[in-house]
There are 2 protein chains.
Amino acid sequence: MVVLGIDPGITHLGLGVVEVEPKGTLKARLLHGEVVRTSHKEPAQERVGRIHARVKEALARFHPEALAVEEQYFYRQNELAYKVGWALGAVLVAAFEAGVPVYAYGPMQVKQALAGHGHAGKEEVALMVRGILGLKEAPKPSHLADALAIALTHAFYARLGAGKPL
Amino acid sequence: MVVLGIDPGITHLGLGVVEVEPKGTLKARLLHGEVVRTSHKEPAQERVGRIHARVKEALARFHPEALAVEEQYFYRQNELAYKVGWALGAVLVAAFEAGVPVYAYGPMQVKQALAGHGHAGKEEVALMVRGILGLKEAPKPSHLADALAIALTHAFYARLGAGKPL
Ligand SMILES: [Mg+2]
């Protein structure tokens, strides 16, 4: 199963693609990773248009059967929530056009799925992502690591028939 | 000058197209108005995909030279801000693909431009929109009225060479 994971953001959007073995303990292969960067100096439609184009390209190249995003929680940051929403809007347009279903998981669910308990730290999750993908080093930058963690979390849920559609 | 105005929303997105006379007092003609509706029961990518498709269709049909949206302010409603952001993301993708610049105006600017003072009520603005467009009745529903007000506000600013890019 190929899963495209997205860590949504307007200045930095993490995008990772993994191929997960269908059975046994969770084992996966890293197919692709990138971070889409945009600047507040660019017109909004160029920022969001580029995010859309890059996600579309990854969908066309890897044909994932699912796209998974991290659920966002914002506290007193409406402006940020709004602009991260723009980025996710572009992701959703690309998924819709490609006919790929979208799933979402919260931070607690990522920690639960990958580290086995909901209060794991960032490092513990990164270590598990590295182990599952068989990488020599933890994936960097953090936006890419988060995107891969989300992709693997979906794989975990999907294998249990418990994917969470957005 | 043809302007596409958008009142962004995830359950109701107002979309209005006006053709504005280039000179003299602000006079305009209503070319098109619709409200795109989506339900929280639909998958997110279908909601956002439909908004994208409808905006794209309006851009292709009317070839506006600008797209104008209402700037959003949210208070303690991060969840809402995020989802309205999805809708605007879809709008921005469509604008980018069509090569149409996007502008944004706040509620005070709309009132200032259309009613002449920043503390005008909804009814006063609606009355001005109706007058400028030469309509027998005020446009309904409110999301369409808001979209038309935004389109006319941009026309006002653009004629002064003072458009506000998003
Ligand atoms: Mg409205």
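Note that Cβ sites are derived from N, Cα and C of the backbone, with glycine treated the same way.
Database features, via TrEMBL:
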type: ACT_SITE; residues: B:ASP7; note: active site
type: BINDING; residues: B:ASP7, B:HIS143; note: Mg(2+) 1 binding site
type: ACT_SITE; residues: B:GLU70; note: active site
type: BINDING; residues: B:GLU70; note: Mg(2+) 2 binding site
type: ACT_SITE; residues: B:HIS143; note: active site
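On the structure: features taken from TrEMBL.
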residue  : record                : Cβ within 10 Å
B:ASP7   : active site           : 24
B:GLU70  : active site           : 23
B:HIS143 : Mg(2+) 1 binding site : 24
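Taking B:ASP7, B:GLU70, B:HIS143 as the candidate recorded positions, the subset whose CB lies under 6 angstroms from any atom of ligand 1 consists of B:ASP7, B:HIS143. Note: the CA-CA distance between B:ASP7 (active site) and B:GLU70 (active site) rounds to 6 Å. Each residue contributes its Cα atom, and for B:HIS143 (Mg(2+) 1 binding site) and B:GLU70 (active site) those atoms are 11 Å apart. Classification of B:GLU70 (active site) by DSSP places it within a strand.
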